[in-house]
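Marked as Mg(2+) 4 binding site by TrEMBL: Asp34, Thr51, Asp81. Here TrEMBL flags Asp34, Asp81, Asp214 as Mg(2+) 3 binding site. The annotation Mg(2+) 2 binding site is assigned in TrEMBL to Asp53, Asp81. What TrEMBL records for Asp53, Asp129 is Mg(2+) 1 binding site. The ATP binding site feature in TrEMBL is assigned to Gly128, Asp129, Arg154, Ser216. Taken from TrEMBL, the feature Mg(2+) 5 binding site applies to Asp217. The substrate binding site feature in TrEMBL is assigned to Phe342. Annotated domain 'PurM-like N-terminal' per TrEMBL: 34-146, in sequence order.
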Amino acid sequence: MKDMNEITENLIIGSWARHFSRSPNQLNKLHETDAELVEISKDSPYLLAATIDTIAEEIAEGLYQDPYTMGWVTVMATLSDLAAVGAHPLGLVVSVSVDPTRNKEFSSAIAQGMEDASRNLGVFILGGDTNLTSEISLTGCALGLVPRKEVITRQGCRVGDHVFITGGIGAGNALGLVRLTKTPDDCFPEKLYRPVARLREGQLLRRHANCCMDTSDGLLTTLDQLMRINGLGFEIDCNWERILAPQVLRLCETTKTPHWLMTAGPHGEFELLFTISDKRIHSFLKQAESHGISPIRLGRAQRPKAISLLLPSGQRVDVDMAPLRNLLQTVNGDLERYVREFKAFGERWGLETG
């Protein structure tokens with residue numbers, strides 16, 4: 001656990017979890033899955049997948065200003081955890097806490113964002129709770145079913161595995177950078193940030209992948225967490241045109257923003273990052289094509305415990321994500337200092353021009 005405990009967020013989660021009695025029916029341990037896996041009964045062919053997610057920080061810091069985005073992301077963030085374990089959703093319940101001074105149109109836009117996100121994936125909101133508070137806080141809780149014999153977790157990656165992601169990334173960090181640096185909104189309008197939970201892809205992956213995790217905290221953070229859980233590293237081919245979403249590439253070109261920032265920031269999307277063994281790669285790619293799924297190949301799992309970036313310049317750079325993942329706590333929440341020091345890491349690592 002030493003490596004896990006180098007990360008402040010992991011320590012915070014552990015400090016809460018130690019107070020709670022563990023259910024004898026829970027199969028996963030701490031940090032092993034995006035959603036909790038619980039045995040329904042010994043003779044059931046399914047496990048229950050349960051997850052909960054809250055959108056509050058992003059609203060308080062001004063990252064999300066459109067109430068429709070707030071509602072949309074609340075649903076997608078919650079369902080993404082089910083996607084990462086390959087679950088079939090049963091439904092969601094939501095808890096909505098909204099400032100009473102807001103008009104009805106504001107609350108209606110949140111609700112419409114939730115509804116549209118749910119219907120996009122064929123899932124229903126079953127009910128919930130409402131509160132009047134000074135700060136906006138939106139919570140989603142989702143339940144799903146996973147075939148007992150097709151469980152997928154964050155564990156199980158092996159040296160030599162092929163590393164993939166379900167789609168282009170960077171939109172979350174693009175929006176975050178625009179907000180934190182006060183860049184004009186038209187460089188990356190908030191309406192471009194409409195991430196989609198990859199439920200269909202997750203249900204395919206449980207039959208092929210060795211491990212899986214969603215990228216809600218950004219690509220490099222996801223790789224770093226999988227590295228710590230599995231005790232191995234990753235070699236990533238930084239072909240930015242292939243990895244980054246087209247609108248993110250345009251932002252980088254327009255604002256001269258280094259590409260690596262779009263993978264290293266902590267505000268991600270809900271793509272799935274997963275690994276496939278050599279013996280399963282051909283059957284997986286064939287099945288993916290037949291389902292209309294086009295995963296992006298990132299690289300390979302490697303024995304050295306490091307995240308090695310192969311840059312377009314030909315450089316190979318090993319990045320230590322621990323200081324970046326802990327940076328917000330290090331700077332005591334000072335966002336201007338956070339952006340400044342975040343970029344400085346890239347300069348020291350030689351990533352600014354790679």
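Backbone N, Cα and C atoms are what each Cβ position is placed from, and that goes for glycine too.
Values in this document were obtained by computation on a predicted structure and should not be read as measured data.
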Item to check | Rounded Cα-Cα span from Thr51 (Mg(2+) 4 binding site) to Ser216 (ATP binding site), Å | outcome: 14
Checklist entry - Excluding Asp34, Asp81, Asp214 themselves, which residues in that chain have a Cβ inside 8 Å of the centre of the Cβ atoms defining the Mg(2+) 3 site? => result Thr33, Ala35, Thr51, Ser80, Leu82, Ala83, Ala84, Val85, Met213, Ser216, Phe270
Next on the checklist: Given a separation of at least six residues and a C-beta threshold under 8 Å, show me what packs close to Asp81 (Mg(2+) 4 binding site) in the same chain.
Outcome noted: Asp34, Ala35, Ala49, Thr51, Asp53, Ala142, Asp214
Next on the checklist: Neighbour count first, Cβ atoms within 10 Å, every protein chain included; then name which of Asp34, Asp53, Asp129, Asp214, Asp217 tops the list of binding-site residues.
Outcome noted: Asp214
Checklist entry - How far is it from Phe342 (substrate binding site) to the residue listed as 'Mg(2+) 5 binding site', counting Cα to Cα, in Å? => result 15
Checklist entry - Across the listed ATP-binding residues, Gly128, Asp129, Arg154, Ser216, what is the farthest Cα to Cα distance, given in whole Å? => result 32
Checklist entry - Using a Cβ-Cβ cut-off under 8 angstroms and a sequence gap of six or more, which residues of the chain neighbour Arg154 (ATP binding site)? => result His31, Glu32, Thr33, Asp34, Cys211, Cys212, Met213, Gln225, Leu226, Ile229, Asn230
Checklist entry - What average pLDDT is reported by the model for the domain 'PurM-like N-terminal' (34-146)? => result 97
Checklist entry - Using Cα coordinates, what distance in whole Å links Asp217 (Mg(2+) 5 binding site) and Asp129 (Mg(2+) 1 binding site)? => result 27
Checklist entry - For the binding-site residues Thr51, Phe342, which one has its C-beta crowded by the most other C-beta atoms within 10 angstroms? => result Thr51
Next on the checklist: Counting across all protein chains present, how many other Cβ atoms fall within 10 Å of the Cβ of Ser216 (ATP binding site)?
Outcome noted: 24
Checklist entry - Which chain-mates of Gly128 (ATP binding site) that are at least 6 residues away have a CB under 8 A from its CB, listed by sequence? => result Val93, Val94, Ser95, Val96
